[in-house]
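Here is the structure we will look at, set down as C-alpha cells.
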Amino acid sequence: MPGPRVWGKYLWRSPHSKGCPGAMWWLLLWGVLQACPTRGSVLLAQELPQQLTSPGYPEPYGKGQESSTDIKAPEGFAVRLVFQDFDLEPSQDCAGDSVTISFVGSDPSQFCGQQGSPLGRPPGQREFVSSGRSLRLTFRTQPSSENKTAHLHKGFLALYQTVAVNYSQPISEASRGSEAINAPGDNPAKVQNHCQEPYYQAAAAGALTCATPGTWKDRQDGEEVLQCMPVCGRPVTPIAQNQTTLGSSRAKLGNFPWQAFTSIHGRGGGALLGDRWILTAAHTIYPKDSVSLRKNQSVNVFLGHTAIDEMLKLGNHPVHRVVVHPDYRQNESHNFSGDIALLELQHSIPLGPNVLPVCLPDNETLYRSGLLGYVSGFGMEMGWLTTELKYSRLPVAPREACNAWLQKRQRPEVFSDNMFCVGDETQRHSVCQGDSGSVYVVWDNHAHHWVATGIVSWGIGCGEGYDFYTKVLSYVDWIKGVMNGKN
C-alpha cells in the first residue's frame, strides 16, 4: 500500500555412466570435448505439460557439454514443445552454444541467443509439433578456458506434452487431454477429448473425430472444437473458513492459488484471471508518490507458491502488455479512483493445484456490511518484509463508519462509490506496503466459488483502522472488455 519449478521426470546423465570415462579410446574419440561425453535421456510426454530445462536452470549453465533428450508420445499421438524462457550465448549461425530440435520428416532447427538480441537465432513463440511420436532436443555448449559458470546465460525452460496426430491449431493447453480409442484399421482416428479437471471445464465435449488436419467433427459430422475453460475460484486446498480469530496467518500452499507476486517499482501483488491475465492496482505501475519514474520499467510477475524464493525459482512470467484504467490519475495524490490495471502475460499459464484463477463478482450482496473475507499478500509485517504469503480474515466495514473515521482524522483522500472499506477499528490487521494490488476475496454461497471483490488500494498507516479497496464490481465490464479485446 502507498505512503499509505512439476519438473518432468527426466535425467540428464546417462544411466550407463556416472562420470567421465577414463579409457584412452574414449578420450581419443571425444578429445574435442572438454567435459563429459554426450548424455542422453528419454521422456514420456503426457497430457499435462511438463517442464524440461537446461542443466541447473535457472542458474548459469556450464560450458563444454552436450545433452540429448528424446521425448516420446504414446501410439497415435505427437509431441508438442514450446519454450517459455530461452537465454543462450549468441553466436553467428549458432556455431557456439545451441539448442537443436529435430524429428522425422523435418530438417533440424538450431537456435541460440535471446529474444531481441542482434546476434543469434532464438525460437521466440514458435511451437514445435512432431510429425511422428517422438522429438529430440539437443543442447550443446562450447568448451571454454574460463570458469564454466563465468557467464550470465541461464539456458532454457520448455514445456512439452502430447497432442493428437494432425494437430494444427495452437493451444495454451495445459487444458486439453486426448485419449486414443481407435481400433486397428480405423481411419480416421477417433479421439475421446476431455478437459483436465478440476482445473478446466469443457464448453463443448464429446467424442470427436480427427477427419482432416486441424478439423474435429462430432458424431453428427458437425465441426466442433473442444473448448477448455479455466475453472475459477475453487482451490484444491481451500482455506479453512471455520477459524474465529482475526489477524494475520501464514498461508498454506494452494490456499490462494491466484496470488501473484509482482516487482515493478517495488513489491506488490495481484490475482490471476483466466490463464493469462493478472488483476492488480494501477498505482503499483504508476505510483502516486514517485518523482522520477523510469520509462520502460520492467514488470515482473511470479506465481505458483507461497514462498517468494520458490516463486523466483519457478521463473518470471513475461508481460505482453499493461492496461491501466482510464480513470486513474497518477498526479492526484489523494484520489485513488480507477486504481485498477490488467497485465496480459505473453503466454497462457498451465493451471494446476498451485496456480488457479479467481472469479469476478456479479452482484452487490458480496459487499454487504459484516461479510467476512480474506486478503493475502507479501507486504510488510511489523516493519519487516515477509518472504512468506500471509493472509488476514477481515469483515466488510459499514461505509458510514469509514467516512466518519476519515473525517475524524481530517483526511483529504477521496472515498468514492467505486471503493469500499474493510476492517474493524478495534482490531489490528496486517495490510501494509507490499500488499498493494493483492485482492480481497469472499465466498459466494450461490456460485460456490471464491470471488475477488476488492483490490488493495490505499490506507492510513499499517495495522490500524480501515483499509480501502477498489470495488471490482464497478469495473467488471471494463475488465471483460479488455480481456476480450474490445477495449
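Glycine too: its Cβ is placed from the backbone N, Cα and C atoms.
What Swiss-Prot records for H283, D339, S436 is active site, charge relay system. Residues or ranges marked as disulfide bond in Swiss-Prot: C94-C112, C195-C228, C402-C421, C432-C462. Here Swiss-Prot flags 39-163 as domain 'CUB'. Per Swiss-Prot, the feature domain 'Sushi' maps to 165-230. Positions annotated as N-linked glycosylation site by Swiss-Prot: N147, N166, N242, N296, N363. Taken from Swiss-Prot, the feature signal peptide applies to 1-35, supported by sequence analysis.
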For H283 (active site, charge relay system), the one of C94, C112, C228, N363, C402 that lies nearest, given that the recorded positions are compared by Cα:
C402
At a 10 Å cut-off from the C-beta of C94 (disulfide bond), count the other C-beta atoms across all protein chains.
22
Please list, for the domain 'CUB' (39-163), how many residues fall into helix, strand and coil according to DSSP.
3 helix, 64 strand, 58 coil
C-alpha spacing of N363 (N-linked glycosylation site) relative to C228 (disulfide bond), in angstrom:
26
For the domain 'CUB' (39-163), mean pLDDT (0 to 100):
86
What is the number of other Cβ atoms found within 10 Å of the Cβ of C228 (disulfide bond)?
26
Need the DSSP three-state call for C421 (disulfide bond) to compare against my parser.
strand
Cβ-based isolation winner (fewest other Cβ atoms within 10 Å) among the recorded positions N363, S436:
N363
Out of C94, C195, D339, C421, S436, point to the one nearest N363 (N-linked glycosylation site) in space (Cα versus Cα); all of them are recorded positions in the record.
C421
Between D339 (active site, charge relay system) and C112 (disulfide bond), what C-alpha distance do you get in Å?
41
Protein Cβ atoms within 10 Å of C432 (disulfide bond), excluding its own:
24
